[in-house]
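Novice: Please find one structure pasted underneath; my questions will follow.
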Amino acid sequence: MEKARPLWANSLQFVFACISYAVGLGNVWRFPYLCQMYGGGSFLVPYIIMLIVEGMPLLYLELAVGQRMRQGSIGAWRTISPYLSGVGVASVVVSFFLSMYYNVINAWAFWYLFHSFQDPLPWSVCPLNGNHTGYDEECEKASSTQYFWYRKTLNISPSLQENGGVQWEPALCLLLAWLVVYLCILRGTESTGKVVYFTASLPYCVLIIYLIRGLTLHGATNGLMYMFTPKIEQLANPKAWINAATQIFFSLGLGFGSLIAFASYNEPSNNCQKHAIIVSLINSFTSIFASIVTFSIYGFKATFNYENCLKKVSLLLTNTFDLEDGFLTASNLEQVKGYLASAYPSKYSEMFPQIKNCSLESELDTAVQGTGLAFIVYTEAIKNMEVSQLWSVLYFFMLLMLGIGSMLGNTAAILTPLTDSKIISSHLPKEAISGLVCLVNCAIGMVFTMEAGNYWFDIFNDYAATLSLLLIVLVETIAVCYVYGLRRFESDLKAMTGRAVSWYWKVMWAGVSPLLIVSLFVFYLSDYILTGTLKYQAWDASQGQLVTKDYPAYALAVIGLLVASSTMCIPLAALGTFVQRRLKRGDADPVA
């Protein structure tokens, strides 16, 4: 007798699982960057439009497919058509790539969390040099937060070619991160369903606490004004619309197979349309809410740096030209500098290299995303707060909850097709399959803890999923609407939920959403082609800054392999099915 499929304890567990998976680090470190780059408040216009015409329809489609077929990604697409099993395989491959490197972020968060209990915070000051006559040269040229990230955390090599060895402290943190993930997925929906209550809700508690603290910081209003002041001209920028569509697409986690896996554990009568709307709205609200928190903190950091710059320049000019204490202010500094340059040209030119141009606007314009925002900009702001240890613990605990929540979805996308397979599940219990997946990912993930690990992390982060996911979701929409049949799919949903599918969803699925995906695919493909030689940012310890370098030939080969290994699953699986059927038909033909 076939074993009954496990179910979520209730629909709330399912919603929390989807929120925990979809709401991730991208909401905290990419959306604020896009707001900063594309006109602050005006970026919300293309973002909300793309949410309505792309995000909600595609999320509803994946949830409906999972709930209707009641299988993981491979089984679900094979049921729709035997020629489409490669779509599910491609999703599993992409999720496997993501799991390989994504948990390294959780390892870094653990590393920073453990160091957050020190007083003072280890990234708040530069260490002394070897003979204790001054500060470390690399740290002085960079900053204490950059030094802690690049040297103490990553111990980064000067280039991708110099791999170095595995760093044992980050490696232990990665081992811990995978152990936590394994314990969370050990019993399938039974254990995951309980964990997601925490991973989905606790980040909001921390964000609310941070919002209250952020709004009380000196200079927070400067950051919020910068965010909410719209630059209307950006609405005419095609890249603003492209990036809005991209952010919606990737922040919801479409194409990985995780949403299909989660929905497959629903009751058939579950209202997946309502849940798709709820999850997508909460995801977008979180991005905007996190941006308010980020820009209040960012405003504090920018104001702190700006006022520090003013103090240093004022002190330098006061001491050099014997000015009266307190004479120089923010309002007259530029005017006095101009006067001193004309009145004492030789003296002023000698000290000119030490005189910085202090500008609050330029501080706010400095755009940072990804790990730079999470582990450098935020820590720069935290170190200047009162009771900095508390704020550091809260922040990195929040990052962990977001990261672990996303990892639960990533691993579900891999595990569900494996446990659905009768061949595998008949020989291995669920706990063993989960353990093997975690062990393999952890072992491969050790590459990212090497001295060149951060460069490999960037390669996987930039190229493992982008084009592959666009192609996967494009094939998904075409498969449902034109292979399985939109009318047939519509009648299935009505039979399951008792509700008719509105014309809006059908128009989006059959026309608008696929056209948007094709547009994104063409944009990214042309962008890669026009870019020419692919480059990466390498850390130069002698300068204390990042420098641009060309990827070596073997790295380009890895990038090509990452893209091809997932996308080629779709045509190869279809070809394999075709050949298999032809052979069977040939065997069935009578001998003449």
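Note: Cβ is positioned from N, Cα and C throughout, glycine not excepted.
Below are the features I grabbed from Swiss-Prot:
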type	residues	note
CARBOHYD	Asn131	N-linked glycosylation site
CARBOHYD	Asn357	N-linked glycosylation site
TOPO_DOM	1-5	topological domain 'Cytoplasmic'
TOPO_DOM	27-42	topological domain 'Extracellular'
TOPO_DOM	64-79	topological domain 'Cytoplasmic'
TOPO_DOM	101-165	topological domain 'Extracellular'
TOPO_DOM	187-194	topological domain 'Cytoplasmic'
TOPO_DOM	216-241	topological domain 'Extracellular'
TOPO_DOM	263-276	topological domain 'Cytoplasmic'
TOPO_DOM	298-389	topological domain 'Extracellular'
TOPO_DOM	453-465	topological domain 'Extracellular'
TOPO_DOM	487-504	topological domain 'Cytoplasmic'
TOPO_DOM	526-554	topological domain 'Extracellular'
TOPO_DOM	576-592	topological domain 'Cytoplasmic'
TRANSMEM	6-26	transmembrane segment
TRANSMEM	43-63	transmembrane segment
TRANSMEM	80-100	transmembrane segment
TRANSMEM	166-186	transmembrane segment
TRANSMEM	195-215	transmembrane segment
TRANSMEM	242-262	transmembrane segment
TRANSMEM	277-297	transmembrane segment
TRANSMEM	390-410	transmembrane segment
TRANSMEM	432-452	transmembrane segment
TRANSMEM	466-486	transmembrane segment
TRANSMEM	505-525	transmembrane segment
TRANSMEM	555-575	transmembrane segment
Novice: For the transmembrane segment (242-262), which stretch among 432-452, 505-525, 555-575 has the most Cβ pairs under 8 A?
Specialist: 505-525
Novice: Report the listed stretch (6-26, 43-63, 390-410, 466-486, 555-575) having the maximum count of Cβ pairs within less than 8 Å of the transmembrane segment (195-215).
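Specialist: By the under-8 Å Cβ criterion, the transmembrane segment (195-215) pairs most with 390-410.
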Novice: If you count every Cβ pair below 8 Å, which range out of 6-26, 43-63, 166-186, 390-410, 505-525 shares the most with the transmembrane segment (432-452)?
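Specialist: The stretch with the most contacts is 166-186.
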Novice: When the number of other CB atoms within 10 A of each residue's CB is tallied over all shown chains, which of the glycosylation sites Asn131, Asn357 has the maximum?
Specialist: Asn357
Novice: How about the transmembrane segment (43-63) with the transmembrane segment (466-486) - do they touch, taking at least 3 C-beta pairs under 8 Å (6 or more apart in sequence) as contact?
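Specialist: When sequence-distant Cβ pairs are counted, the transmembrane segment (466-486) touches the transmembrane segment (43-63), since at least 3 lie under 8 Å.
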Novice: Among 6-26, 277-297, 390-410, 505-525, 555-575, which stretch has the highest count of C-beta pairs below 8 Å with the transmembrane segment (466-486)?
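Specialist: Looking at each of 6-26, 277-297, 390-410, 505-525, 555-575 in turn, the most contacts to the transmembrane segment (466-486) are made by 505-525.
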Novice: Measuring Cα to Cα, tell me the gap between Asn357 (N-linked glycosylation site) and Asn131 (N-linked glycosylation site) in whole angstrom.
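Specialist: About 33 Å separate the Cα atoms of these two residues.
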Novice: Among 80-100, 277-297, 505-525, point out the range having the most Cβ pairs under 8 angstroms from the transmembrane segment (555-575).
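Specialist: Selected stretch: 80-100, with the most Cβ pairs under 8 Å.
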